[in-house]
Amino acid sequence: MTQKSFPIAPEFLAAANITAEQYAEQYKQSIASPEATDAFWAERAELIDWIKKPTKISDVSYDLEDFRIKWFEDGELNISVNCLDRHVRNNPYKPAIIWEGDHPSLHKIISFKELHEAVCRLGNAMRKLGVKKGDRVTLYMPMIPEAMVAMLACTRIGAVHSVVFGGFSAESLGNRIIDSQSKLVITADEGIRGNKRTPLKANVDRALDMDGTDSVSNVIVVHRTGNSVPMSGRRDIWYHSLVDGESQHCEPEVMNAEDPLFLLYTSGSTGKPKGVLHTTGGYITYALSTFRDVFDIKEDDVYWCTADVGWVTGHTYATYAPLANGTTTVMFEGVPEYPTWARIGHIIDKHQITVLYTAPTAIRAMMKEGDTFVRESDRSSLRLLGTVGEPINPEAWDWYYHVVGGSKCPVVDTWWQTETGGIMLAPIPGTVAMKPGAAMNPLYGIVPEVIDTDGVALEGAAEGNLVINSSWPGQMRTIYQDHARFLTTYFTEYPGYYFTGDGVQRDEDGHYWITGRVDDVLNVSGHRLGTAEIESSIVAHPATAEAAVVGMPHDIRGMGICAFVILKSSETATESLKSELNRHVRSEIGPIANLDAIYMVNVLPKTRSGKIMRRILRSLAAGQYVGLGDLSTLADSSVINELVEVVKTERAKSH
């Protein structure tokens, strides 16, 4: 597996925070022994302002009979103090957030002092509404500064936030409110992206009509578009009238390092989304530490992570890590193509952005439009590029490096998960030549292993399942209200390891290449969707008897969604029924669950025990009709020819 590599530009190397030799030495030291790992993280914890410094660094056991993950357990802190107060003391007027609105005429610069005041006002108002330490608060927000204000106000008063992506449907929102038993919802009248409006408040109203949402006592509504929305007298309150007149001082809640910080729901291989729980001290230590390492951060950086706050990247690397470090973070409400595909470049120039962290999906979409739009901007302020969410294909990497970055900016291809809290694998800039598509090296304290399906650790160049043979401070602690599922999902299949659910190749240089999910989870545009969740949505449609969902190659999104559907005998396969099914799924889960291909079939390939053989469907969805592997366990191998005919016919129509 020999791969082309790109050396780091000499001018970048000259100013890099760390050299290849320093990385090798520090990494070796950070994993030398459990004591050495603790010593490393004790040193990194010095980046945090603690109310009470921890003396116990880690207490971890992956033994299912005596399972525990604790970091800095006797430490006390408040994250909002780390993100705000300490910078207000040292540099109050430095921009904390640069907000770029959906329309290019809209932007706002918010200093650390102003952000601190806004957070304190909302924190005080939330306390008056009866929100206490440990209470859950659901945020369903557009990409506006109030979203970050609300996250930080929760951390100020010790409430646990659960941010739900504004593109999710009312039903998805309702299910998350029910699972978290939230006391408060914070939303906006509407969201606006690409000049299209999303009815956020209307979706909240529909979600709160669902049984089991009685825990919600109030809804705070931010005025964004000004369109009229129904406000229910006692329950609903306008954000701006609520915070006006509140004090600019809000006493921060003293939090134990292991107190819950936030819930973030992510798709699993079973239908029900799981509430990933992160705690306070370990999460912020890991977030800040990895941010500084991976992005080679300098004092005057203007840093733009394009992720929505509804995803984990928007939590860790758009909000908490940059603000904890005192770095200016850029927040963009819109989409890359509005008003034209030149928008990203114009934003880079307008705010003199130095570091850009975005998803391969966005890069592929821009690349498809050619170089002209990108070349409308200068982009000379950029010094570092990053990618996140899914493995980047080498063609997109090349274009990002050469065209967007002008062949001078290193590209950090980062691998991590909602569950890991922060980046786990990445080529720390200045330490290694880059290989397009490779996540390269583990970060400090992280011990990746490649293991086969029998759980045997493989040496040298190898391909298998990616597991982590240790704990780290940013690791999730449990699935909210379902610890048994947490243990089963991550620690049971390969005892003694954290199982990532991803496949990996390690090349002869020891560098890691992520190959994609090995479970029934799809990675669409860098966002995870469970096949079971989509299947149950399809089967909920009255015309459908059974469905199987698999991933398929997609030019822009990396992975598309393909559904094989058996209709009830009374139904007839038509194009209009396909459109109706797609609308149904999008309304139940959200537009992200768009079905790219729907094949109406009479049978599904099943084993004698009744299991659907998804690998066959994956091959067919990718247009591979021969060499389908071992079919001996199929109950009826003649179904393959029938399926191949359906897929071939449909694909011929669409081409």
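Backbone N, Cα and C atoms are what each Cβ position is placed from, and that goes for glycine too.
Look at Swiss-Prot and you will find Arg193, Gly194, Asn195, Lys196, Thr313, Ser525, Arg586 tagged as CoA binding site. The Cβ neighbour count for Thr313 (CoA binding site), using a 10 Å radius over every protein chain in view, is 26.
DSSP assigns Gly389 (ATP binding site) to coil in the three-state reduction, outside any helix or strand. Under a cutoff of 8 A between CB atoms, and with a sequence separation of 6+ in the same chain, the neighbours of Gly389 (ATP binding site) are Ala307, Thr313, Ala359, Pro360, Thr361, Asn523, Ser525, Gly526, His527. What Swiss-Prot records for Gly389, Glu390, Pro391, Asp413, Thr414, Trp415, Trp416, Gln417, Thr418, Asp502, Arg517, Arg528 is ATP binding site, and it gives sequence analysis as the kind of evidence.
According to DSSP, Val539 (Mg(2+) binding site) sits within a helical segment. Other C-beta atoms found within 10 angstroms of the C-beta of Val539 (Mg(2+) binding site) number 14, with every protein chain shown included. Taken from Swiss-Prot, the feature Mg(2+) binding site covers Val539, His541.
Feature annotation from Swiss-Prot assigns N6-acetyllysine to Lys611; the stated evidence is sequence analysis. DSSP assigns Lys611 (N6-acetyllysine) to coil in the three-state reduction, placing it in neither a helix nor a strand. Sequence-distant contacts (6 or more apart, same chain, Cβ under 8 Å) of Lys611 (N6-acetyllysine) do not exist in this structure.
Comparing C-alpha positions, Pro391 (ATP binding site) sits nearest to Arg586 among the binding-site residues Asn195, Val539, Arg586.
Here the C-alpha separation of Thr418 (ATP binding site) and Val539 (Mg(2+) binding site) works out to 28 Å. Across the structure, Arg517 (ATP binding site) and Val539 (Mg(2+) binding site) are spaced 24 Å apart at their Cα atoms.
Of the listed binding-site residues Asn195, Thr414, Ser525, the Cβ environment within 10 Å is emptiest of other Cβ atoms at Asn195. Of the recorded residues, Lys196 (CoA binding site) and Thr414 (ATP binding site) place their C-alpha atoms 31 Å from one another. Considering only the binding-site residues Lys196, Arg517, Arg586, the Cβ with the fewest other Cβ atoms within 10 Å is that of Lys196. Classification of Arg517 (ATP binding site) by DSSP places it within a strand.
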